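The compositional bias 'Low complexity' feature in TrEMBL is assigned to 74-96. Positions annotated as domain 'LysM' by TrEMBL: 26-71. Feature annotation from TrEMBL assigns region 'Disordered' to 70-103. Summarising the annotation, TrEMBL assigns signal peptide to 1-24.
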């Protein structure tokens, strides 16, 4: 069996930079010629608010084409009663497990459209994905690096999951499986994980609660 954890982890660490802040429902993908100031003006917010929402932006004059910018005050990060009520009503008719299964189905649908083999649901990885989404809610953070478990790869190891390669997408604030898959496919880093031809297994962790209302974790393995 090929063992290439170090090389794969290094590659995925780079891939996961943009997904770190690209997962709210209202995001903007940086295009050529954009500046943080023009993005702020377009969305009716201040540059300071954008930087506060996107902690990975240290210099307001330095943003990269393809980078995802989370827009503060978006509907996805709102905790209004109307949003919560709509979400509760949607989830009441469809269990969390069904939501997770639908994300797997939609992921394989996208892979098939791109000539790729389907990924198979992995029961051992499922526990990790569920725990990651719950951990983000309980510890009030939104990041690949967990204060409890460390990196996604360290977390998989702690749960006894073995792999040749691995990846993670996370998202927050999307009401439905279709919404979250669409959001991931609109972001280059997340799309690369979904369309990685080497990945063979998948798990989805969906949990309700926290600042954004819904948290999604999509984990992939190459076995």
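Each Cβ is built from the backbone N, Cα and C atoms, and glycine gets one as well.
Caution: TrEMBL annotation is automatic and unverified by curators.
The domain 'LysM' (26-71): residue composition by secondary structure is 15 helix, 6 strand, 25 coil, according to DSSP. Mean per-residue pLDDT, taken over the domain 'LysM' (26-71), amounts to 80.
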